[in-house]
Amino acid sequence: MEKTDDSVQEKHVDYETTSWKNIVKKSWIESKKMWEIAAPAMITAVTHFSIGFVTCAFVGHLGELELAAVSIVENVIETFADGIMLGMGSALETLCGQAVGAGQLNMLGIYMQRSWIITGVTALVLTPFYVFASPLLQFLHQDKDISKLAGKYSIWVIPQLFAYAINYPIQKFLQAQSRVWIMTIISIVALAFHVLLNWVLVTKLNHGLLGAAIAGNISWWLVVLGQMVYLVCGCFPEARTGFSWLALKSLASFLKLSIASAVMLCLEEWYFTTVILMVGWLDNPEIAVDAISICMNLQLWTLTIALGFNVAISVRVSKELGAGHPKAAKFSMVVAVLTSIIIGVIFTALVLVTKDDYPKVFTGKPVVMKEASNLCYFLAATIFLNSIQPVLHGVAVGAGWQFLVALINIVCNILKPIARAVTSLGMG
């Protein structure tokens with residue numbers, strides 16, 4: 001099995017000396033380690049998100065109602081479920097990374113199996129949200145026509161939910177061992193296949209939303225199948241020990257960390273869901289939802305770049321802490337944050353420069369393009385801020401601070417509506 005000998009390399013780097021020459025040397029070494037993980041992780045994140053991006057692009061040319069329905073499913077139902085699923089799988093990220101750093105490779109397969117049990121049960125619990133999406137959305141005062149069509153589409157994409165349940169634990173298993181390039185290759189193949197499927201099913205055969213759902217289901221299960229084949233092909237003789245009853249032990253403590261991870265992540269991600277729901281209450285909800293969905297699709301696409309650093313810093317911090325190198329973990333965080341800020345500035349500038357052009361990718365409706373263009377300054381500011389937050393989230397996951405960050409997020413989300421209420425009453 002390939003190994004990244006980070007611990008050996010750390011011995012050649014002096015983390016006590018503060019001369020500029022030493023700082024530059026440390027930064028260069030750390031940047032190389034970071035980009036070795038972040039670059040393929042970014043490509044993987046972009047391709048995974050682009051599956052939904054491509055779906056919206058094809059569906060957007062069917063009509064405003066169809067795009068609004070798919071957008072509300074992707075940004076409300078799937079974001080709600082995906083936040084929980086990814087959060088429940090993030091405990092594996094902490095434990096696997098620290099196990100690799102400590103040289104306990106035999107525990108990785110057991111941790112992954114525990115995570116499969118938890119994410120599988122979570123998928124079953126979340127299934128009713130997909131089945132009853134239409135009445136749920138109408139209860140939340142969404143447009144009736146959009147809700148009915150969204151309800152049909154959400155049922156058709158239920159297979160994707162169970163693909164997530166298998167996919168996320170495998171991802172964390174591979175990331176902890178720096179096997180990110182294989183994930184990237186599989187994701188690129190799946191994305192190319194997804195484009196072809198949408199062109200055939202949606203454009204040529206005119207199967208509409210059903211065709212888009214089938215294309216998404218096949219593409220996500222292709223990702224899972226590719227990773228499973230790689231997993232069982234004998235590349236991990238020490239880490240993959242086969243199915244073991246040990247996976248059923250310590251499930252309570254594993255579940256506790258998983259829930260903390262889910263709370264931490266969900267409270268950070270669900271604001272996308274909140275925005276879409278609030279926009280659905282406006283006049284002309286089809287146009288409003290379409291416009292905000294275009295901006296959020298672009299924002300989420302740029303966010304996947306920051307998520308590459310999220311993966312990299314989580315792996316780096318967990319490995320260094322597992323190997324007993326806290327100073328190296330702290331320095332990794334500084335390098336990752338500074339790099340993400342630079343990238344955030346670049347994307348912010350690109351959005352401002354292309355504010356009249358990017359809506360054309362999603363729709364040919366002038367009124368929707370105008371509304372999306374009007375949101376460009378808000379979009380640019382959000383993109384910049386979201387270039388930093390995922391890196392800090394990755395540090396928390398790598399260090400196992402999920403409980404603390406979850407508590408901070410809960411307090412902040414309680415204080416925000418209180419502050420708004422005080423302001424609205426003229427007391428602030």
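Placement of Cβ uses the backbone N, Cα and C atoms for every residue, glycine included.
The transmembrane segment annotation in TrEMBL covers 37-63 (among others). Here the transmembrane segment (37-63) has long-range neighbours at 70-71, 74, 78, 175, 178, 180-181, 183-184, 187-188, 190-191, 194-195, 198-199, 202-203, 208-209, 212, 215-216, 219-220, 223, 290, 293, 297, 300-301, 304-305, 307-309, 311-312, 315-316, 361-364, meaning same-chain residues at least 6 beyond its ends whose C-beta is under 8 angstroms from one of its own.
TrEMBL lists 115-133 (among others) with the feature transmembrane segment.
Feature annotation from TrEMBL assigns transmembrane segment to 153-170 (among others).
According to TrEMBL, the feature transmembrane segment maps to 182-202 (among others).
For 208-233 (among others), the entry in TrEMBL reads transmembrane segment. Below 8 angstroms of C-beta separation, residues 48, 51-52, 55, 58-59, 62, 66, 69-70, 149, 152-153, 156-157, 159-160, 163-164, 166-167, 170-171, 173-174, 182-183, 186-187, 189-191, 193-194, 197-198, 200-202, 240 of the same chain, each at least six residues beyond the ends of the transmembrane segment (208-233), sit close to that stretch.
Feature annotation from TrEMBL assigns transmembrane segment to 254-279 (among others).
Per TrEMBL, the feature transmembrane segment maps to 291-313 (among others).
Within the chain carrying the transmembrane segment (334-353), a Cβ under 8 angstroms from the stretch's Cβ atoms is held by residues 27, 30-31, 34, 298, 302, 305-306, 309, 312-313, 316, 376-377, 379-381, 383-388, 390-392, 394-395, all 6 or more beyond its ends. Sequence annotations record features per position, and here TrEMBL assigns transmembrane segment to 334-353 (among others).
Same-chain residues lying 6+ beyond the ends of the transmembrane segment (391-415) with a Cβ under 8 Å from its Cβ atoms: 90-91, 93-94, 97-98, 257, 260-261, 263-265, 267-268, 306, 309-318, 321, 329, 333, 336-337, 340. The transmembrane segment feature in TrEMBL is assigned to 391-415 (among others).
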Same-chain residue ranges lying at least 6 outside the transmembrane segment (182-202) that approach it to Cβ under 8 Å: 40-41, 43-44, 47-48, 50-51, 54-55, 58-59, 62, 171, 174-175, 208, 211-212, 214-216, 218-220, 222-223, 226-227, 230
